[in-house]
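Only one structure is covered here, and it is reproduced in the block below.
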Ligand code: WT7
């Protein structure tokens, strides 16, 4: 397996055109492409295009082409939040009908090819239908995770000029309700460009509807037909935008296009998970993250697979929920995040052992480095020592898996192992010099691959500056990695000011801007700190305005403030009130010192003599929290 893998990988690098044109035949093209990759990472001639003369439609690839042979196969199994409620199952024929109807509703609301449609939804089947409906008519979806605040939602809608948002009255999660429609109403007071709010009935809660702007989905759906021909799209037409945090500024709208992305999602799905119908594949991510896009919707459906979609959370009503869902639906492949495993591992093995899990064949992880202890627990306890583990390294920007084992790859706990076909990783030192053999450095990708992002929405320069300027001629991932004697990669984590909280990216700058918006705050600096369950937690140093007293109440108020500004995932785990921050004489905050203090490594602060006022460090060390 590893040998044929190596041979395929070599071929994909030696003959990229031949390899990728051949792979592209696995999609259903209206006009098949005659060209594969056409790209340059050089500043003067920067461009990335794949299968440029090909024409296809993503929803037709995910649905229509399966109808003749597999129309009765279940495409989506939906497991509700409440285990006492009934799961739902939709065959490919049914999803096709739902998507055509949904697409016609969008058209009836005036949505046209190229328009941006925001999706702010709970984990219900309509969320998947909404994505595929956009794809069907050539609208560009921008999914905003349902845990983000009104401000975050409004900011993302404004950034991509989205006038239409699809939402639900409320969502359900872990026995609680999430007031989605109320948040959309608040977002519409911030961004006046919100013209249409399409509301799916989920909990049935009575929500105020604004005349002329808000439309109930079920009412609109009753008025349209289920006949909706798929729009022919060029391979390089945008399919979606997904906002993600970077080290500076506001979240960026990562743009993925039609042909290359779909091929990447589908091929990685089939290869990494070695999917075989009629297995049930369960990716536990939310559709609001790229993992949900690629491995709940596009990868599985383009492959004719059965994808399980879960409305709830792993810990409700009890920590047995994941294993009960596995048994209830006979899940063969489970794809989840290390943070979920760590939180369940704490509850002990008996809860897991009380369930069967006999259906499991393969286990996957994604989102952050998995510590060997969690890896072994996943392997030995969850998988009863029977199931291979695929630790998949990738990013929102990469569209799908980049470094990952396949089921036959010899694994090592904590290593994402080897590059996927067509992926050429390298390690560079700080000066950009390539490191060979066993080494640790900046992880870069030396050539374009079909699934890579094509731009930052509305900001071409930011795309180049963020990913191609630090090390000219290559894609910079922002991660560090080590390569061992077998050529295996071990991701060491972000090398920039991005923190990874429970597998979700958070920019320190974003949390800082939220904090300084508070009236009592003069200055803030945010760094990551080690966290048992989340992987990394958020540690904030806050300098208050003069005359403001530090207090526990204020600390709680600041946490609440950040939750409200960005969303619960951005809530600081620790806030330290600091009369001063360590700055160089030119006023630059020395984050290295702040990171060390947050990590509790106060013996290793390094040289502090270049600070404008070295004495601030003593105070920071003395008043460290946690
Ligand atoms: C960052 C990307 C990939 C979809 C979910 C997160 C970290 C992701 C792994 C892994 C070590 C990982 C990296 C990466 N990461 N997977 N298997 N091992 N680190 O997507 O929000 O774009 O975050 O997540 O640091 O850069 P994202």
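The backbone N, Cα and C atoms fix where each Cβ goes, glycine too.
Caution: TrEMBL annotation is automatic and unverified by curators.
If you check TrEMBL, you get these features:
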| type | residues | note |
| --- | --- | --- |
| DOMAIN | 8-62 | domain 'Acetyl-coenzyme A synthetase N-terminal' |
| DOMAIN | 64-457 | domain 'AMP-dependent synthetase/ligase' |
| BINDING | 173, 174, 175, 176, 291, 502, 563 | CoA binding site |
| BINDING | 367, 368, 369, 391, 392, 393, 394, 395, 396, 479, 494, 505 | ATP binding site |
| DOMAIN | 510-588 | domain 'AMP-binding enzyme C-terminal' |
| BINDING | 516, 518, 521 | Mg(2+) binding site |
| MOD_RES | 588 | N6-acetyllysine |
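Everything TrEMBL records as a feature, shown here on the structure.
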residue: 174; record: CoA binding site; DSSP class: coil
residue: 367; record: ATP binding site; DSSP class: coil
residue: 392; record: ATP binding site; DSSP class: strand
residue: 494; record: ATP binding site; DSSP class: strand
residue: 502; record: CoA binding site; DSSP class: coil
residue: 516; record: Mg(2+) binding site; DSSP class: helix
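For the recorded site, residue 588 (N6-acetyllysine), the DSSP three-state label reads coil.
Counting every protein chain shown, 22 other Cβ atoms lie within 10 Å of the Cβ of residue 367 (ATP binding site). Residue counts for the domain 'Acetyl-coenzyme A synthetase N-terminal' (8-62) by DSSP state, with H, G and I taken as helix and E and B as strand, are 24 helix, 13 strand, 18 coil. All protein chains shown were included, and the count of other CB atoms within 10 Å of the CB of residue 521 (Mg(2+) binding site) stands at 20. Taking a Cβ cut-off of under 6 Å from any atom of ligand 1, none of the binding-site residues 173, 175, 516, 521 qualifies.
Separating the Cα atoms of residue 521 (Mg(2+) binding site) and residue 563 (CoA binding site) is a whole-number distance of 16 Å. Of all Cβ atoms in the shown protein chains, 25 besides its own fall within 10 Å of the Cβ of residue 394 (ATP binding site). Here the Cβ of residue 563 (CoA binding site) has 17 other Cβ atoms within 10 Å, regardless of which shown protein chain they belong to. Within the set of recorded positions 176, 392, 588, the entry lying nearest in space to residue 516 (Mg(2+) binding site) is 588 (CA atoms).
Per-residue pLDDT, averaged along the domain 'AMP-dependent synthetase/ligase' (64-457), amounts to 97 for this model. Counted within 10 Å of its Cβ, the other Cβ atoms near residue 396 (ATP binding site) come to 19, all protein chains included. Taken residue by residue with DSSP, residue 521 (Mg(2+) binding site) is part of a strand. All protein chains shown were included, and the count of other CB atoms within 10 Å of the CB of residue 494 (ATP binding site) stands at 18.
Separation of the C-alpha atoms of residue 502 (CoA binding site) and residue 367 (ATP binding site): 8 Å, rounded to the nearest whole number.
Checked against residue 174 (CoA binding site), the binding-site residues 367, 392, 394, 396, 518 differ in C-alpha distance, with 367 being the nearest. Spacing of residue 563 (CoA binding site) relative to residue 518 (Mg(2+) binding site) is 12 Å (Cα to Cα, whole number). Look at the Cβ of each of the recorded positions 173, 588 and count the other Cβ atoms within 10 Å; the largest number goes with 173.
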